[in-house]
């Protein structure tokens with residue numbers, strides 16, 4: 001399913017959590033210190049970026065959402081810097097409170113040769129005072145009146161560390177029918193009970209389970225479902241690094257989504273991007289499976305950046321555009337076709353398959369292809385190769401070569417994919433592609449359809465469609481010969 005990201009501009013999201021400043025000091029390592037076995041870094045540029053819950057808000061702003069950020073800052077210069085950075089991105093900062101009781105959490109990373117050498121943290125992770133908690137709840141109640149989604153971004157710095165705070169916010173949102181998304185921290189997930197969706201990574205889930213995750217998909221499914229039900233969560237999206245994601249949405253089967261990252265430079269902030277994109281899509285009215293796929297694509301973008309960097313709507317649109325362009329390359333080999341069909345089916349599309357020689361394409365061919373496409377969401381055409389046609393039709397055929405026949409079929413809007421096969425029948429191609437629906441003309445009897453047993457073995461079906469009378473390649477060929 002395609003998600004129209006333009007709708008995000010009407011989506012209002014409240015982000016509550018541990019707001020911090022990510023500071024990067026960029027430099028070059030020139031030598032080892034004579035004082036200790038450590039590198040000497042010659043510093044250059046310093047960049048400052050919203051971190052923690054601030055990075056979640058930055059991602060939402062980059063996606064075009066209307067965002068309000070709620071959190072505690074120190075009454076210090078760093079806190080004022082965070083507020084300015086948020087406002088500069090169009091993030092509403094009415095909910096940022098300057099506290100005299102704590103400093104603004106700051107993570108300072110020393111970077112050289114595209115690597116992080118070490119990090120300096122300035123923070124106080126105490127739980128909220130009663131006064132700060134009361135102010136937080138008052139602010140959230142007001143903002144939730146017009147919100148479409150609530151994100152709780154827990155970095156273990158005090159904002160979300162009490163069960164009372166989290167549960168009060170979850171109940172408040174639930175009473176208003178607002179979905180709640182949680183990026184968790186620590187082993188006590190009771191405070192997240194009843195959330196709409198939680199988005200742990202593998203390490204975070206293992207901490208809660210108390211043991212390592214068994215990597216098989218069946219085991220991951222069981223452990224994700226156990227966690228989801230234990231904590232009363234409607235949905236759980238597990239991010240698995242190089243293994244992609246696993247979504248358990250309610251009682252639906254677990255959905256495993258392969259990673260889209262091409263090159264990984266830095267995973268900092270990838271979880272923020274995932275929860276921001278997921279919440280934006282769901283709040284805009286799209287289903288969880290399609291939203292999770294979009295979040296996966298967004299994560300694939302940000303891990304290719306160095307440092308904590310939000311995704312932008314332009315980058316996501318480019319990725320979606322590239323996918324569409326790849327879909328237009330319609331003629332492909334069997335392996336590529338199998339991968340493409342699996343991706344379509346994972347996305348909820350019904351894949352229809354039909355096959356033939358399609359020599360001298362005529363109105364009858366176009367009609368059956370159009371009728372086939374209308375039975376599902378995607379149409380794959382198995383095309384007999386030149387050698388296969390000769391064995392079936394005789395030495396004078398095909399009249400049009402396989403390359404040209406494939407190009408002509410690809411030009412039809414009803415056709416999504418063309419796969420040339422050398423065998424006399426498409427049985428092996430059908431086994432490889434596993435289409436949902438197998439189509440042949442009504443001149444066949446059901447038991448005569450090659451591949452019927454294969455398709456029906458996994459729950460697919462065969463459809464016979466009416467043919468146009470008086471249209472055939474043999475007839476066209478004969479009329480041409482008669483005129484000579």
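Each residue, glycine too, has its Cβ placed from N, Cα and C.
Taken verbatim from TrEMBL:
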{"type": "REGION", "residues": "1-322", "note": "region 'Ribokinase'"}
{"type": "DOMAIN", "residues": "11-309", "note": "domain 'Carbohydrate kinase PfkB'"}
{"type": "BINDING", "residues": "201, 202, 203, 204", "note": "ATP binding site"}
{"type": "ACT_SITE", "residues": "272", "note": "active site"}
{"type": "DOMAIN", "residues": "353-446", "note": "domain 'Cytidyltransferase-like'"}
{"type": "REGION", "residues": "353-484", "note": "region 'Cytidylyltransferase'"}
Env. residues of ATP site, Cβ within 8 Å of mean position of 201, 202, 203, 204 Cβ: 200, 205, 206, 207, 238, 239
Counts of helix, strand and coil residues, the region 'Cytidylyltransferase' (353-484), according to DSSP: 54 helix, 26 strand, 52 coil
Cα-to-Cα gap, residue 203 (ATP binding site) vs residue 272 (active site), nearest whole Å: 16
Integer Å distance between the CA atoms belonging to residue 204 (ATP binding site) and residue 272 (active site): 14
Long-range Cβ environment of residue 204 (ATP binding site), under 8 Å and at least 6 residues apart: 184, 185
The one of 201, 202, 203 whose CB sees the fewest other CB atoms within 10 Å, among these binding-site residues: 203
Per-region confidence, the domain 'Carbohydrate kinase PfkB' (11-309) (mean pLDDT, whole number): 90
The residue listed as 'active site', number of other Cβ atoms within 10 Å: 32
